[in-house]
């Protein structure tokens, strides 16, 4: 791991639990909160991918709102503008996974540069990490907005190279999303897949370099590699 100089983290689902919006969904739709959250996230991802394919970019906030409105129509729920705003704002106050803040500090203390590389807008990324009190742990908060295309497009991953000023082989990419880890691997990043659910990886011609249960294991990865530099 001595060749790794920086780490780029995905935000949604990797550092932060996207389903921490369930509480707000449950308040609005009693007994159906988890169902709403699950379909909402599914459509949010689909809309970012489809818009990239169609070259019809909108901000992540807009894609999130569109996905919520679809979800409510699909499930037959009324959703006025005020309720839509409350629910979408919950995406700005996601809960970090418990191990994330202390492990980020440990990684920084090792001299590694850290960044978020997210499909979120600059505003949404800043709000999420700021509300969680971990903004200062990152050297860069990288949004795909400048290239107007979402991960897993190559141009999105290239933003991390530009921000760090490093070759992609020196940047470890970390994501809990199999499609994201696949895209990063095709781009040429050494890649950790955070596999909290014990799932099988996607069948798209790539495998992650490391299949880990959580962010804690990244620290242990560097611990075990001290004094050696295993190839990726």
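Note: Cβ is positioned from N, Cα and C throughout, glycine not excepted.
Marked as active site, nucleophile by Swiss-Prot: 10. According to Swiss-Prot, the (S)-2-haloacid binding site annotation covers 11, 12, 41, 118, 119. Annotated site 'Important for catalytic activity' per Swiss-Prot: 14, 151, 157, in sequence order, evidence recorded as similarity to another entry. Residues annotated as region 'Important for catalytic activity' in Swiss-Prot, with similarity to another entry given as evidence: 175-180.
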Sparsest-packed of the listed recorded positions (14, 118, 119) - C-beta count within 10 angstroms: 14
Cα-nearest neighbour of residue 14 (site 'Important for catalytic activity') within the listed binding-site residues, 41, 118, 119: 118
Residue 151 (site 'Important for catalytic activity') as reference: those binding-site residues from 11, 12, 41 with C-alpha within 10 Å of it: none
Sparsest Cβ surroundings (other CB atoms within 10 Å) among the recorded positions 41, 151: 41
Remote residues contacting the region 'Important for catalytic activity' (175-180) - C-beta distance under 8 A, at least 6 residues beyond either end: 9-10, 12-14, 45, 151-152, 191-196, 199, 201-202, 204
Residues flanking the (S)-2-haloacid site, with Cβ no more than 8 Å from the Cβ centroid of 11, 12, 41, 118, 119 and excluding those residues themselves: 10, 13, 14, 16, 18, 60, 120
Residues in the region 'Important for catalytic activity' (175-180) grouped by DSSP into helix, strand and remaining coil: 3 helix, 1 strand, 2 coil
